[in-house]
Amino acid sequence: MGRRRLLVWLCAVAALLSGAQARGTPLLARPAPPGASRYSLYTTGWRPRLRPGPHKALCAYVVHRNVTCILQEGAESYVKAEYRQCRWGPKCPGTVTYRTVLRPKYKVGYKTVTDLAWRCCPGFTGKRCPEHLTDHGAASPQLEPEPQIPSGQLDPGPRPPSYSRAAPSPHGRKGPGLFGERLERLEGDVQRLAQTYGTLSGLVASHEDPNRMTGGPRAPAVPVGFGVIPEGLVGPGDRARGPLTPPLDEILSKVTEVSNTLQTKVQLLDKVHGLALGHEAHLQRLREAPPSPLTSLALLEEYVDRRLHRLWGSLLDGFEQKLQGVQSECDLRVQEVRRQCEEGQAASRRLHQSLDGRELALRQELSQLGSQLQGLSVSGRGSCCGQLALINARMDGLERALQAVTETQRGPGAPAGDELTRLSAAMLEGGVDGLLEGLETLNGTEGGARGCCLRLDMGGWGVGGFGTMLEERVQSLEERLATLAGELSHDSASPGRSARPLVQTELAVLEQRLVSLETSCTPSTTSAILDSLVAEVKAWQSRSEALLRQVASHAALLQQLNGTVAEVQGQLAEGTGSSLQGEITLLKVNLNSVSKSLTGLSDSVSQYSDAFLAANTSLDERERKVEAEVQAIQEQVSSQGSRLQAGHRQVLNLRGELEQLKAGVAKVASGLSRCQDTAQKLQHTVGHFDQRVAQVEGACRRLGLLAAGLDSLPTEPLRPREGLWSHVDQLNRTLAQHTQDIARLRDDLLDCQAQLAEQVRPGQAN
């Protein structure tokens with residue numbers, strides 16, 4: 001009821017002030033026709049209490065301004081996404097749950113309100129017209145207190161500030177506002193009344209006195225009426241024309257009717273003014289508030305399209321991320337298989353290199369063993385070196401004996417002649433005879449001594465060098481004997497003379513034996529000994545050749561082992577199977593056993609060489625030991641052959657396991673093909689999802705077409721809302737169906753991952 005009364009009051013104000021246009025039309029005082037009732041805007045009733053003269057400088061203007069208010073327009077639903085983290089691990093994607101939530105919807109209502117503004121009448125300036133109320137550029141007078149409005153039924157109260165025409169909203173008036181079609185009808189009625197009143201006011205103003213229209217300060221105080229005041233001041237020429245002829249009685253009667261109608265509206269103006277003053281503070285706050293944009297159907301359509309586009313993008317991004325995750329996982333599995341194959345090939349290459357190194361080491365050890373055997377074949381003639389050492393020892397003993405003789409000669413008690421003879425005879429028999437016997441034995445083994453002494457570290461010197469050394473030492477002995485004889489002759493003349501012939505005879509005997517020794521050291525005397533040595537060397541060579549043949553058989557077996565390893569390496573290179581670490585470990589163990597056996601063989605060979613070097617006392621014992629060692633070597637070679645046969649059987653087993661690995665690789669390939677089929681099914685599902693998204697877009701287009709008819713919401717508010725809620729329910733059902741499809745796709749993806757894991761696990765175990 002309050003709103004209806006407000007509308008009636010606004011209609012009355014509009015009818016009263018309908019002559020005002022957009023910029024405002026002033027209402028000036030004018031003389032009333034004879035016989036008409038007098039009425040003033042500044043007094044209430046028909047008998048004004050105060051003189052209206054001081055108030056005629058102010059005129060009431062009709063101004064239009066916009067009023068905004070916030071209204072609640074039902075509720076709207078929006079989709080809220082809730083993200084939940086997966087509990088299975090960081091690689092598992094989270095789940096998204098979409099919920100429909102209702103929230104209130106508001107709109108901003110606009111209303112153009114017609115109001116009264118008190119301003120200076122055109123052409124009035126001075127102390128009775130304040131500066132802030134002046135319309136034209138007149139001289140600014142000193143400000144005085146505003147004139148008091150006469151009290152009565154219509155109390156204007158504090159005069160509101162002047163308002164200019166409100167600028168139109170950038171969005172325009174969107175559809176019916178707060179009061180709907182009733183307000184539009186009232187505005188149409190007000191506009192028609194304004195046109196009618198403007199026509200009548202023009203007819204009345206054409207008969208008015210120009211002097212009174214100017215409203216100068218010298219004009220007499222007359223009752224205030226209605227009229228249209230032209231822009232600016234009235235010229236003096238118009239004043240001189242005088243009053244015009246009065247119009248017809250019909251015009252005056254119409255003016256009287258309008259005045260009576262205005263009198264009936266005064267009471268309504270009182271109530272409207274009171275309500276306006278009561279709502280002034282609220283209106284001021286609304287005027288100061290910035291206008292907010294209107295929520296139109298275009299904005300709603302744009303919002304719905306943006307949300308659907310974001311939802312579609314998020315769903316497509318989720319599918320793309322899942323497909324990329326599946327593809328990356330398949331790529332990682334393929335890279336892992338490739339890496340395992342490369343590791344197997346690298347392990348086979350390292351095994352081949354280690355076998356080559358072991359083969360070279362075995363060959364070097366066999367060559368060293370052959371050289372040691374060749375050295376042992378000649379070591380039987382090492383007694384010559386011992387005989388040379390014995391000769392050197394005897395020479396040293398001879399020198400010591402001479403030194404003792406010299407010291408005894410230099411002593412205070414010189415021995416007698418018979419003692420000298422005994423000493424010289426003992427020396428010659430004990431030292432020189434032994435030396436000559438050693439030389440004879442040395443001549444018998446000259447050929448062996450030459451071969452042995454060539455390997456001595458002190459230098460290579462033969463029989464000739466040894467003979468020169470002996471001659472030098474014999475000469476030194478002769479010189480020492482000569483000096484000894486001189487000393488003896490100097491000390492005792494008679495004993496020396498008796499002993500000199502004995503010494504000379506001893507020396508002559510010594511020279512004869514040396515000459516016989518030189519004559520006996522000829523090649524003809526050593527031929528028999530050399531023949532025996534050559535026969536012995538040939539026997540040793542035959543034995544070493546037999547040992548070399550055994551070593552050659554060993555090398556052939558090693559070459560066969562290398563060929564088998566090469567075949568295994570070729571099979572490893574051709575196969576595309578997974579890990580071969582267990583088989584390679586077994587092969588390494590076998591090779592380690594072979595290397596250990598070869599190491600034992602080398603140790604036994606070193607022991608044999610030590611035994612050969614230690615068995616220099618007897619050739620028979622050496623021969624027996626060599627035969628025993630050769631027999632042991634043969635036994636080890638036979639045992640090694642059995643081990644090689646076992647290794648061959650293990651290689652055959654490895655071939656069978658390689659075939660099994662190939663079968664496992666074929667199974668993995670079939671699993672990958674099934675994974676590809678699953679990926680194709682996922683792509684088909686994504687295509688079906690695109691079709692569903694297209695259906696959702698079609699539904700959104702239909703929703704937009706339905707939203708285009710929302711302008712008729714005030715008249716038909718139920719059917720569009722029901723259709724909108726039905727489309728919202730359809731959108732919710734579509735989202736629920738999409739959620740189920742996403743869950744189904746996730747389950748299919750997890751099943752595919754589980755199948756791949758089950759297929760890869762047996763290959764890793766093999």
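Every residue, even glycine, has its Cβ placed from backbone N, Cα and C.
Pulled from Swiss-Prot:
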type     : residues  : note
COILED   : 467-491   : coiled coil
COILED   : 615-663   : coiled coil
COILED   : 726-761   : coiled coil
DISULFID : C59-C121  : disulfide bond
DISULFID : C86-C92   : disulfide bond
DISULFID : C120-C129 : disulfide bond
DOMAIN   : 55-131    : domain 'EMI'
CARBOHYD : N66       : N-linked glycosylation site
CARBOHYD : N443      : N-linked glycosylation site
CARBOHYD : N562      : N-linked glycosylation site
CARBOHYD : N616      : N-linked glycosylation site
CARBOHYD : N732      : N-linked glycosylation site
REGION   : 132-179   : region 'Disordered'
SIGNAL   : 1-22      : signal peptide
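Projection of Swiss-Prot feature records onto the structure.
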residue : record                      : contacts (Cβ under 8 Å, 6+ apart)
C86     : disulfide bond              : C92, P93, G94, T95
N562    : N-linked glycosylation site : L355, D356, E359
N732    : N-linked glycosylation site : T100
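For the domain 'EMI' (55-131), the DSSP-based tally of helix, strand and coil residues reads 2 helix, 53 strand, 22 coil.
Straight-line distance linking the Cα atoms of C120 (disulfide bond) and C59 (disulfide bond), rounded to a whole number, equals 6 Å. Comparing local CB density within 10 A for the disulfide-bonded residues C92, C121, the maximum falls on C121. If you take every residue in the coiled coil (467-491) and average the pLDDT, you get 66.
Within 10 Å of the C-beta of C120 (disulfide bond) there are 24 other C-beta atoms, taking all protein chains into account. In this structure, the CA atom of N66 (N-linked glycosylation site) is 22 Å away from the CA atom of C59 (disulfide bond). When the neighbouring Cβ atoms lying within 10 Å are counted for each of the recorded positions (C59, N66), the highest count belongs to C59.
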